[in-house]
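Peer 1: The transmembrane segment feature in TrEMBL is assigned to 20-42, 54-71, 77-101, 113-135, 147-166, 187-204, 224-244, 256-273, 279-299, 332-351, 363-383.
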């Protein structure tokens, strides 16, 4: 969530060869794409008892990788250590804990539980940019990475130790992996929408600081604040959207549309117009997009509830923890596609000859891509409602 801060520091090291943006893209890809595999394996009979051990190994692998990266001298080394090994360690730590969370709240309030977890992520994303910026300025990249490695190891082990394993997780055994959810369109509707939305979601986090510095000439500290402004609103919106699902029983498709439409409006009206000349517009975009886009993940609990109901209607088994892992996999594909597209979009440049509009800057194509991916991320509502209407008529 704070890679943009590190990317600026890496770009300042002129001896590094290659595009530093690939580091962040690889990190997201490896971490999220490994989650479907890990969640499936860790729910199998032979692997389920090893969930806590896998989480501990993941914390150690991530910490060692960050520590080793403090001696990196080129982009390729950073990609291997941070983009691959540290990301894999993070996934090994994250996947078992989300399986436990799902098991604890399988009887109800799942969306709210997920939302609280996402809210904590946003709390970290709000404070960490300032911490990382201060450390990078005063200590440099190498020392910052060593301190971060120690923090990952200590906090990771503490978190794994404190989180209780639900009794059902230790005793539940599956004779076979339930794949029947792949036969129903609901999974594909939400997975594809999630993939498309994720293509644009990571781009503002990566480029917002550089954009603010280049066009608004903000000092480095104020540009860093843009990342914090992006994450802070999500502290409330993630919990709010979870409560909409669990307490007010707003449908998951409606929740998804609200999040996606709000995100797209913020991109087109706030980032795309005069944000390159009016600081207040860019601040408003960071807050607004952060509010609606961060809440998108909170709709996943409702999605899984829909798939469980569909499975029950067909008298089929479904493993909700495994489905959650597959949703993370779809997000990972989106992050990779968006990250790789971002480089090409920046090279494509302006969409307008007028420099008065943000669409006329080098970021014009990237802004348009972000807005479109956000809007299309809400298409699940239209498809799902159309499907229901078709079923009713038939």
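Here the Cβ of each residue, glycine as well, is placed from N, Cα and C on the backbone.
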Peer 1: What residues elsewhere in the chain lie close to the transmembrane segment (256-273), defined as a C-beta under 8 angstroms and at least 6 residues from its ends?
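Peer 2: Residues 190, 193, 197, 200, 204, 241, 281-282, 284-285, 288-289, 291-293, 295-296, 298-299, 303, 357-359, 367-368, 370-372, 374-378, 380-381.
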Peer 1: Where among 20-42, 54-71, 77-101, 147-166, 224-244 do we find the most Cβ pairs under 8 Å to the transmembrane segment (113-135)?
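Peer 2: Answer, by Cβ pair count: 224-244.
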Peer 1: Is the transmembrane segment (77-101) close to the transmembrane segment (20-42), in the sense of at least 3 CB pairs under 8 angstroms with a sequence gap of 6 or more?
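Peer 2: These two stretches do touch.
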Peer 1: If we skip the immediate neighbours and take only residues 6+ beyond the ends of the transmembrane segment (147-166), which ones have a Cβ under 8 Å from one of its Cβ atoms?
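Peer 2: Residues 51-52, 55-56, 58-60, 62-67, 70, 93, 96-97, 100, 103-104, 132, 135, 139.
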Peer 1: Do any residues of this chain, six or more beyond the ends of the transmembrane segment (279-299), have a C-beta under 8 angstroms from a C-beta of it, and if so which?
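Peer 2: Non-local partners: 111, 114-115, 118, 122, 194, 197, 201, 204, 208, 211-212, 216, 218, 226, 229-234, 236-242, 245, 252, 255-256, 258-263, 265-267, 270-271, 273, 374, 377.
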Peer 1: Which listed range (77-101, 224-244, 332-351, 363-383) shows the maximal number of Cβ pairs under 8 Å with respect to the transmembrane segment (187-204)?
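Peer 2: Most contacts with the transmembrane segment (187-204): 363-383.
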Peer 1: For the transmembrane segment (224-244), could you work out the same-chain residues 6 or more beyond its ends whose Cβ comes under 8 Å from its Cβ atoms?
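Peer 2: Sequence-distant neighbours of the transmembrane segment (224-244): 1-2, 4-5, 111-116, 118-119, 121-123, 125-127, 129-130, 133, 204-205, 208-209, 212, 250, 255, 258-259, 282-283, 286-295, 297-299, 301.
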